[in-house]
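*Asks:* Structure incoming, see below.
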Amino acid sequence: MNTDTGFAQTPFPAATLRCESVLLLPKMDCPSEENLIRMALGGVAGIGSLNFDLAAHTLSVTHQGDAQVVLSRLAPLGLGAQLIKSEPIADGARPEIEPVDDAGEARTMRRLLAINGLMFVVEMVWGLLAESTGLIADSLDMFADAAVYVLALYAVGRSVELKRRAAHVAGWLQVVLALGALGEVLRRGVTGSEPESVAMMGIGAVALIANVTCLVLIAKKRHHGAHMRASYIFSANDVIANLGVVIAGALVTWTGSRYPDLVVGFVISVIVLIGARRILRLQ
């Protein structure tokens with residue numbers, strides 16, 4: 001697979017020693033963050049294979065030169081990157097390379113993009129109709145995932161500057177939408193709202209089903225190359241967001257208060273802002 005995402009080339013030191021480094025990334029827990037890491041390392045000369053373990057929050061990298069160069073590209077993403085170990089690879093050793101199905105992976109990413117894009121529209125429309133900040137914010141979580149898949153697809157064959165601009169445009173758009181959602185939370189908190197709990201629970205459940213569908217699609221490709229490897233692990237943030245909306249809808253029904261909706265809307269909007277910050281910090 002071509003891992004050149006075109007971000008600024010950062011050569012390793014003159015040393016040509018081949019190494020395998022293992023890094024701990026405590027805040028890496030979903031395929032979207034895996035894609036961000038790939039884009040961040042795509043412009044680093046000397047990178048070999050990338051093997052992700054989302055369950056253990058670790059990344060194994062084969063490379064030439066100093067592991068600190070790899071660490072310096074990951075640190076700005078805010079995933080808590082730490083170097084666990086870095087060891088030379090014996091001259092006769094060759095890291096196992098898994099067969100790659102580029103066309104199959106591209107098809108999978110397009111399907112993931114379509115699902116997330118559709119749910120962004122559905123949740124945004126129903127959020128406005130149902131006066132639910134939770135649904136509005138959850139739609140932005142879908143948009144955030146869709147934006148990363150767009151960037152991954154757009155990266156193929158593009159110049160360095162175009163890729164950097166595309167990443168920053170997506171990041172700033174995400175910031176604007178998230179700030180808009182936070183503003184809506186504030187406005188409804190001051191002026192009042194009547195969120196429709198049935199719509200919140202129903203659409204929240206549909207969003208959860210959509211994320212499970214994405215999980216199934218990713219699982220089918222998890223052995224087809226390093227790019228999809230371990231991506232079957234379900235995103236903790238997406239699960240929390242979907243279930244949060246459903247639970248908030250139930251609490252609105254039970255208490256008759258709009259505050260559960262406002263709280264979940266605020267929390268998800270902040271999560272989306274954090275994701276946007278990671279995109280904007282790509283070098």
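Numbering starts at 1 and runs along the chain as displayed.
The backbone N, Cα and C atoms fix where each Cβ goes, glycine too.
When I checked TrEMBL for this same protein, it listed these features:
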DOMAIN    25-69  domain 'HMA'
DOMAIN    113-281  domain 'Cation efflux protein transmembrane'
TRANSMEM  112-129  transmembrane segment
TRANSMEM  135-157  transmembrane segment
TRANSMEM  169-186  transmembrane segment
TRANSMEM  198-218  transmembrane segment
TRANSMEM  239-256  transmembrane segment
TRANSMEM  262-280  transmembrane segment
*Asks:* Mind checking which residues reach the transmembrane segment (135-157)? Cβ under 8 Å, same chain, six or more beyond either end.
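*Replies:* Distal contacts: 2, 5-6, 32, 35-36, 38-39, 42, 106, 109-110, 112-113, 116-117, 119-124, 126-128, 163, 166-167, 170-171, 173-174, 177-178, 181, 184-185, 199-200, 203-204, 207, 210, 235, 237-238, 241-242, 244-245, 264-269, 271-272, 275-276, 279.
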*Asks:* Using DSSP, what's the helix, strand and coil tally for the domain 'HMA' (25-69)?
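*Replies:* Summed by class, the stretch gives 14 helix, 12 strand, 19 coil.
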*Asks:* Could you pull the average pLDDT for the domain 'HMA' (25-69)?
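*Replies:* Taking every residue in the domain 'HMA' (25-69) and averaging pLDDT yields 78.
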